[in-house]
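Annotation source Swiss-Prot lists active site, nucleophile at CYS50. The substrate binding site annotation in Swiss-Prot covers THR49, CYS50, ASN51, ARG52, SER109, GLU114, GLY115, GLN116, GLN120 and is backed by sequence analysis. According to Swiss-Prot, the feature NADP(+) binding site maps to GLY198, ALA199, GLY200, ARG201, MET202, SER203, an assignment based on sequence analysis. According to Swiss-Prot, the site 'Important for activity' annotation covers HIS99, on the basis of sequence analysis.
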Amino acid sequence: MHIVVVGLSHRTAPVEVREKLSIPDQSISESLKTLSINSDILEVSILSTCNRLEIYALVKEINIGISSIKEFLTDYSSVNFEDLNPHLFDFRQEEAVLHLMKVSAGLDSLVLGEGQILSQVKKMMRLGQENQSTGPILNRLLSQSVSAGKKVRSETNLGTGAVSISSAAVELAQLKIGQDHGVDGLVSLKSEKVLVVGAGRMSRLLITHLKSKGCNRLTLLNRNIERAVNLAGDFPDLEINCKSLNELDKNISLSSLVFTSTASEKPFIDLARVEKISLNNKLKFIDIGVPRNISNDVKHHAFIESFDVDDLEEVVSRNQEFRQKIAKEAESLVKDERIIFLEWWASLEAVPVINKLRSDLELIRKEELQKALSRMGPDFSARERKVVEALTKGIINKILHTPVTKLRSPQSRDERQASLKIVEKLFSLVDDE
């Protein structure tokens, strides 16, 4: 059995490729079922975020397993394999384990140390368990990876400060507005006419960061206006005007800064649409949806600047140097967690031998006990029989304790295999060739 991961991320693919492989929450279950049907895949779990799509699997054979996952990704995205494959990466065994733990810790994120990825890994673990696509190996790996993410955030300063896609989007707005006014740095958003489209978790984070950067009023649009009203209610000190998505064009015309973050699978704002809108201000669009909410052709509008998640790199690079120093400390913690998992995984190799040894000794115990009891005659009470039964079980457990502990203890693969062969030979656990 082998652990592999196949996927793509902001490091390997632009947003126009990533959005074709974004698997929404409501489609995860079906995708897990499709992958699980493959006999080469023993366990599988999917991580889908705005910046990455990664499939972790326990497979019978590495190359066949990776090929099967790539075939699934090709079918799902409807992109030719020759066009998709250059954007895909794969890691195997120890590298796959380390990669997931680094992802969980925020060490592989666009915004180094961002906190949202940890909850996304937790969700990946929950969905795998709910759909019964994961088993003891991946469940343990995912649990250990969550522990790694928590440890990095509690024992280092990597997670401090504004580190999320939403916060980077707000900082990008500050930076671009500042540049318009000849300011090299971040400016207040107090005077901006802000429109937020979408009322999900990312929009909640957007509003939180907008508030911290000086915004005291904004318009919130959502297809379900009740959801927008509920979200606005969580910010009583902000003036939030909630509208239906049907009023999008009107509210775009009244805005100077528009953030979009919806679960739409296709862009709903394109150049043809905005050309019909009478703009009262120069306008900035910042789209953090994946798939994108705003078509790329909007960038051709003379009075609109349009940005997507790939443009956040400009903001991220401003504070990466400080975080890179902390990241080295975090990577050391992650590697420690990897060792813990790998030692546990390696110890499973001993389980069949241990079980066979227990089974053989239990058979001997029962046979010898039965012989002894038959010689004791009818005068031997049931209570006395239970005492002798417990005694013989205790002796077997005492005999097994040291060798079983040794076999399960941390050691190299060669050392463990040598120990297993000795035990198998001494106790005749395998047939002689």
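Counting begins at 1 with the first residue displayed.
Each residue, glycine too, has its Cβ placed from N, Cα and C.
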Between the residue listed as 'active site, nucleophile' and GLY200 (NADP(+) binding site): CA-CA distance (Å): 14
Any further residue of that chain within 8 Å (Cβ to the Cβ centroid of GLY198, ALA199, GLY200, ARG201, MET202, SER203) of the recorded NADP(+) site: ARG204, LEU205, LEU206, LEU231, SER261, THR262
Integer Cα-Cα distance in angstrom, SER203 (NADP(+) binding site) to CYS50 (active site, nucleophile): 14
Densest Cβ neighbourhood among GLY115, GLY198, GLY200 (binding-site residues), 10 Å radius: GLY198
Listed in sequence order, residues not in THR49, CYS50, ASN51, ARG52, SER109, GLU114, GLY115, GLN116, GLN120 with Cβ within 8 Å of the centre of the substrate site Cβ atoms: GLY106, LEU110, VAL111, ILE117, SER164, ILE165
